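**Q** Encoded as structure tokens, here's the structure I'll be asking about.
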Amino acid sequence: MPPLIILAGPTGSGKTETAVALAEMLQSEVVNADSLQIYKYFDIGTAKPAASLRARVPHHLIDILEPDEEFSAFDFKIEAMRIIENLHQRGCTPILSGGAGLYIKTLTEDFDCGVQIDPELKQRIKNQIVERGAPELHLELKKVDPVSAEKIKPTDPQRIERALCVYYQSQRPLSEFHQQEETPSRHDFPIHTFLLQWERTLLYANINKRVDTMMDAGLLEEVKSLKRKGWGAHLKPFKSIGYAQLAEHLEGQCSLSDAVDKIKQETRRYAKRQTTWFKKIPGAIPIPATPDDNAESLRDKISRHLNAALASFLVAAFLCVFAPAPVEAEETALQQIGRKINHQQWDQASKLLKNLQGQQDKQTRYLQARIQSATLNGASEKSLDALEAELNQLIEVYPEIEDYIRMDMAQLLLTRKQFKEAILQTQQIANRFPQSVLYHESQSLQAHALERSGQTITAVEHLEKLIQSLEQKASTDSDRELLEESIFQKARLLQASGKHQLAYETYSYFFIHHPATPLSAEAETQKARYELEGKIIKKILSEEEWATRTKGLLKEVRYAQVIGELNRLMKDQGPLPGKFYFYLATAHAGLRDRTQAVATLESFLKRYPEHKRVPEAKYQTGRHLWNLGKNNKAMAYFDSVIKEHPRDDWAVQARYIKGRMYEERKDFKSALEQFRYVAENYPSKTEGQVCAWRMGWIHYLNGDYKSAYEQFAENARRFPSDIASEDNLFWSAKAAYKLGDKEQARKRFQSAFENYPYTYYGLRGKELLTSIDPNAAKLKPRESKGPLDATSPSISKNSQYHLDRAREMIGLGLYPFAERELKQIDGSIRKNYSGVLWLSQLYNQAGSYSSAVRLLQLYRNFKGKEDEKELPRIFWTTYYPSAFDRIIQTQATQLKVDPFFVQGLIKQESLFEADALSSAGARGLMQIMPATGRRIKTYKNVSVTFESEEDLFEPGINISLGIAYLRKLQDTIGDNRAHLLISYNAGPSALKKWLKRFKHIEDPDVFIESIPYPETRGYVKKVLRNYWIYENLYGR
């Protein structure tokens, strides 16, 4: 494999021009490693490569973020590796160039860890840094991770934030990850690092000259323009050298000459720190630079070292065979009981438990105790005594889950009003099992015990500690619900104890931060009552607090409430900041009131003509008008975006939509002009690649198969790894077939399958290839060169604690608890192949298939579309598990429905989550609405016990009803699988309408691509892809 070349050096050393000269010599591309050039609009002060340089050589990771977006060193590693892998696929030698030492270290030495941070946790830490200051958070870091705190300055908020996020997400210090990763990361390609070195006085002279050049180029005007657009000084790029000093000048804190002197001074200091850092890079080769050097001479110096290194470059190939696919294990009797307990189906759980009478193993006894604990109403004192004695015995005989048993005991004691004893149990959990997933729940129970025992003040103090802990660590839905309940309980207790100002402030906090929960209405009522009585100091919400509340409501789809509140706010306070108009427009659009969404955005444009989000507002207005059928007005807005904001991303999207509008009008010449412009000028953007595909599609629909073939073939050559790579290969094959070139069609169908065997068009290509060449039916994905199986990784003592409990909970069928335990391991496992596969298989055993898919998808994304075909078969059988296979096979065979088709549909509908519940109320594996289930139950040959809506979460019942519905559809509309899926997703009436609308289309592939609803079109493709993959993995 080609190497990676890293070109590093201090600012002002000539890296940018030298990297371009080197890339031209090697016919390669440049990957940016500058932590500021990733931001849009900050151009002059970040010394972005000039347009002329970027025209000579493609550059990556420049202008990829808005100024207010976050981007960590770990994010850089993921993005850079994706690009490097892609360039290696094309036989290129990537040039990584930049002065961000931490970025380079993270990439080459795996310096950061792979912990995925919950966005809400990250925002909480960020808010605390803003509110309390970085030095105070640094003191907190000292308590939890003293090793990292020693290395991080109290004035470095980004690294403080990262370290605290890692700790609170994984419960492990960041320094512990670093200790495990002391050796450099083993990449499967060589890395050659070169450092441009200048004599210090010469380097400083370069820097001074460079700053003067930036000022002459308009750096001050750039800063003024950024501030006019609303970008604040608190943003990361505005805190960088050059921008920070000029912002101070504009605020009147210093003269312009003083600001320029400060820029030069700070840049020199930064260069000195860079030089020190880079000298520590292992194996780096210094390249001395002098005033006589230019980009070409420095390139030549590097190439002499590079040629010697490349002479010893060897490539080795290894062979391996597929491992057998895992076989789905049937649920044990205990697991069946546990599943009933999960759904609180206590009577059914008890009936199943009676079948195990006589068994006295600890697992059976524990499930019996859980059922008894949940059904205490009306129980005699004798029964309660017996249950308490049984739990005490279980604590002794079942230490593997002692924290769970003690929690059950605490709940029992609370029910029996033995408050002191209940508190002792929760204290035992806190002291002996501080890492328990039940820790916060146990502390909440303790607060209730304190309250009920009359210790109101102590309960409030306890709740304050619990709330602080939850705000730092809450990462699951159950944690967030507990946080909401705890805040509300605190407010209620303060109110009861006469501390009305504090109670009011707590209700106000709830109103702001938890606006769409079951307790929100009561909190709002209490807040309003206090304000009406006038006995407290009324809190006036700030704009940011209103924004926080509004975003919370939008997240929970409370559109009508958002509209009502913001309209009242505007009436009371007058015009609001620009972002509130976007909130309001989003709410109107969510209620399908596009006319009001347009009116709202037009009001924004009138009031804030120079706002940074003007291009977005114009684009969104155009989209709404297009959907309303007001095409001329829509076109005017899109033209305005393109003309007045040509460099903005919204201009690219505006051109794409214009192309679609022309396409609808059958003005194909104009559509092609728009698509061609985007495809040629933005080939690395999604829009550019989609436009390139649509150009071929227009030619194909118009019967110009020659132009279609040329376009699709060119797309496939230019974009081998883009989002439409397999689409281009497939449709170029279809066009070749139409032209009568069956050999070219055969090659391209085969290439689509061999390169993308786990995609819709790759698999559809194999189907059509078989019609040309029957031997193609034997084609299989190429054998992997990767590891065969998952090996248990080395894990910490804390992770082992959670793993042991997860395995116990899996055995008991208490799958939600098993998933919670595994998520505690998730953050600390390295996301390499073995770690991902090992944990995913555990998630599958716990019935948490969505968590497994999330992990495996991360690894697929890392590998890239072209490389994922190399993954071993066991990876794919984990990604596509044969879950509920026995039930599916039995029911499908009985009703003559293809079982692989059923599995493909279930994977798309619910990801095999038996407890799945949609926002519309569809339930279970095959997402059946209760009314639909009751109707299906009346079908002939359907005999299932379906008594309540909860029964739809039972796999056997849900699958039986779903398969019966598919059988009914087959009897009604035939066996065409695309038609069946349209009916299942959008309804039989939609299918009828589209069959009439597209009656002229005979080609099934063209028909599927012509489905008007993007959601349904994607659904059909995904389920068919799943079906074919299940058939290939398990059927042949």
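In case you wondered, yes, glycine gets a Cβ from its N, Cα and C as well.
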**Q** Which stretch does TrEMBL mark as region 'Interaction with substrate tRNA', out of 34-37, 330-333, 954-957?
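**A** It is 34-37 that TrEMBL describes as region 'Interaction with substrate tRNA'.
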**Q** Identify the region 'Interaction with substrate tRNA' range according to TrEMBL, selecting from 158-162, 293-297, 718-722, 1013-1017.
**A** 158-162
**Q** Within the same chain, and leaving aside Thr11, Gly12, Ser13, Gly14, Lys15, Thr16, name every residue whose CB is within 8 angstroms of the centroid of the CB atoms belonging to the recorded substrate site, in sequence order.
**A** Gly9, Pro10, Thr18, Ala47, Gly99, Leu196, Asn206
**Q** Please report the DSSP secondary structure of Lys15 (ATP binding site), reduced to three states.
**A** helix
**Q** So among the binding-site residues Thr11, Ser13, Thr16, who's got the most Cβ atoms within 10 Å?
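**A** Result of the Cβ crowding comparison: Ser13.
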**Q** Counting each residue once, how many in the repeat 'TPR' (652-685) are helix, strand and coil under DSSP?
**A** 27 helix, 0 strand, 7 coil
**Q** Using DSSP, tally how many residues of the repeat 'TPR' (615-648) sit in helix, strand and coil.
**A** 27 helix, 0 strand, 7 coil
**Q** Return the residue, from the listed binding-site residues Gly12, Gly14, with the maximum count of other C-beta atoms within 10 angstroms of its C-beta.
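**A** Most Cβ neighbours within 10 Å: Gly12.
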**Q** Neighbours of the ATP site Gly9, Pro10, Thr11, Gly12, Ser13, Gly14, Lys15, Thr16: Cβ within 8 Å of the Cβ centroid, same chain, sequence order.
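**A** Residues close to the ATP site, other than Gly9, Pro10, Thr11, Gly12, Ser13, Gly14, Lys15, Thr16: Gly99, Leu196.
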**Q** I need to check the long-range neighbours of the coiled coil (377-404): which residues 6 or more away from its ends have a CB within less than 8 Å of a CB in the stretch?
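**A** Here the qualifying positions are 362-363, 365-366, 368-369, 412-413, 416, 429, 432-433, 436, 438, 442, 804-805, 808-809, 817.
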**Q** Specify the secondary structure state of Pro10 (ATP binding site) as given by DSSP, simplified to three classes.
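**A** DSSP assigns Pro10 (ATP binding site) to coil.
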**Q** What are the sequence-distant neighbours of Lys15 (ATP binding site), meaning same chain, six or more residues apart, C-beta distance under 8 angstroms?
**A** Leu7, Ala8, Gly9, Ser97, Gly98, Gly99, Leu196
